[in-house]
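Straight from TrEMBL, the features:
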REPEAT    115-149  repeat 'PPR'
REPEAT    177-207  repeat 'PPR'
REPEAT    208-242  repeat 'PPR'
REPEAT    309-343  repeat 'PPR'
REPEAT    344-379  repeat 'PPR'
Amino acid sequence: MSLLTCSGFSPTPVQRKWNESIKKRIHVGDPEGAILTYLNMQLLGIVADNYTYPLLLKAAGTCSTSCVGFALHAHTLKTGFAAHAFVQTALMNMYGTFNRVADACKVFDTMPKKDVVAWNSMLDAFASNGMMEEALNLFNSMPLKDFTSFNIMISGYSSKGKIVSARGVFDEMTLRDSVSWNSIITAYARVGVMETAGKFFREMPIKNVITWNAMITGCLQTQLYEEAIDLFGQMIAQGCASDFVTVTGVLSASAHLGSLEKGKEVHIYAIDNGLASSPHVTTALIDMYAKCGSIEQCLLAFYKSQVKDIYCWNALISGLALNGHGYAALKLFSEMRLHGVKPDDITFICLLSACCHSGLVEEGCQLFDCMKMEFGISPKLEHYGCMVDLLGRARRLDQAYQLVEAMPFELGASILGALLSACVNNQDLRVGARVIQLAFSRAPYLSDGELMMFANMYASCGQLDEAERWRHAMEDSGIVKTPGWSIIEVNGKFYKFLAGEPSKSTRLIINGTL
């Protein structure tokens, strides 16, 4: 039966039904369910075909373990489908997903006849794993190329930050599809060159939701939050349907600007367009309302959500922490555990932050200690930063300094800043002098913020001459202090204020530009 099917016979109605069931499981993001469907199929004695295995191998590529993929490969060999072109292509894609490029090469080399799909699968295995030299050699040797071939190369160079090479491939194309345009826009947006990304965006003949999302995401990465919101308005005006990625991005922009009015507008849009039920959107809503200070709306967004993943729980814990509700954050953590949700490293960053904002020193120390012992989570640099901040606020500077010394990481700017800030606030020159020595042992060249903290620390302790010496040292080194700034929204327009500027030079932000 399997050999007949492999030779090109159409699947039976029963096989077609099972294949559709497997396909539906994959479509809803349930690869494990797709594999279980196949196992049930086997138990009932129903033979798989050359359409079944490509679906299963695709599902295996998204599973957390590669063992399922290896087992399926063995099944294809046993049933005789391993020599089928569809199956071989799926095997290459799966091995590429597992970062097992050598295994993908073995499959590719055994193919007696290679069509453009097979060549592209091997090309993608190289490019998606950052092996662009090998990808280029294969690309140049391809007997036939299509849009996908060029797009794979553009995307591969983009992921490596090789924007010149990506542009070279794009310029080489005589005809381009929407994926080509989206790939080059994403390439420039990814490295923060939004001006060029915008140029291609305007030149693109027909834009789709992926195009708009690439631009909005690029604006977020380069802190052009007003531009991201403006793009969303243009997108809606032009009748392009958005998705959860769009809404999540615009909510994030609203959160960074503290624009509650705009955030509410996007929330209403998400509800009207059936996007509010997405856990990604729920997380973004919780974050936006929390950062805009509307903790009641933050809680409503969380408890109205039917599906709550770990990101939703973390977002609410972080929101409670940000608004000074430390005890509520700890209570929510207990509720989270009762619901069987396993905390991750982000959960503990949020919890420690809650303890910092509410002065819960003992609770914070207990959480830090139980991370590894109870939950098997090794503290990262961010956790140490929270602990230094917590201990510093509690005037336990010696304990904070000892924690930093015992830290199994290099002293980063965030840790140094937290420790120095605590010394300034507590006017502790003794520990502060030790921190300065520690800072110079880390790097001989310090940032403007660090040097200003040194000066502020001596000034706070009444040693004005020493403070002035540090300020002169910064000037002599040619370091200029980065000016602080703030943004306010008035009648839908955003105004930016720079520290030290006269009020008459306040600048209006229009479409993300000054």
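Backbone N, Cα and C define each Cβ position, glycine as well.
All annotation found in TrEMBL is predicted automatically rather than curated by experts.
Non-local neighbours of the repeat 'PPR' (309-343) in the same chain are 279-280, 282-283, 286-287, 289-291, 293, 295, 298-299, 302, 350-351, 353-360, 363, 375, 377; each lies 6+ residues outside the stretch with a CB under 8 Å from one of its CB atoms. For the repeat 'PPR' (344-379), the predicted model reports an average pLDDT of 94. Taken residue by residue, the repeat 'PPR' (115-149) breaks down under DSSP into 26 helix, 0 strand, 9 coil.
Beyond the ends of the repeat 'PPR' (115-149), by six or more residues, the same chain brings 85, 88-89, 92-93, 95-97, 99, 101, 104-105, 108, 155-157, 159-160, 162, 165, 173, 175-177, 179-180 to within a C-beta distance below 8 angstroms of the stretch. DSSP labels the residues of the repeat 'PPR' (208-242) in these numbers: 26 helix, 0 strand, 9 coil.
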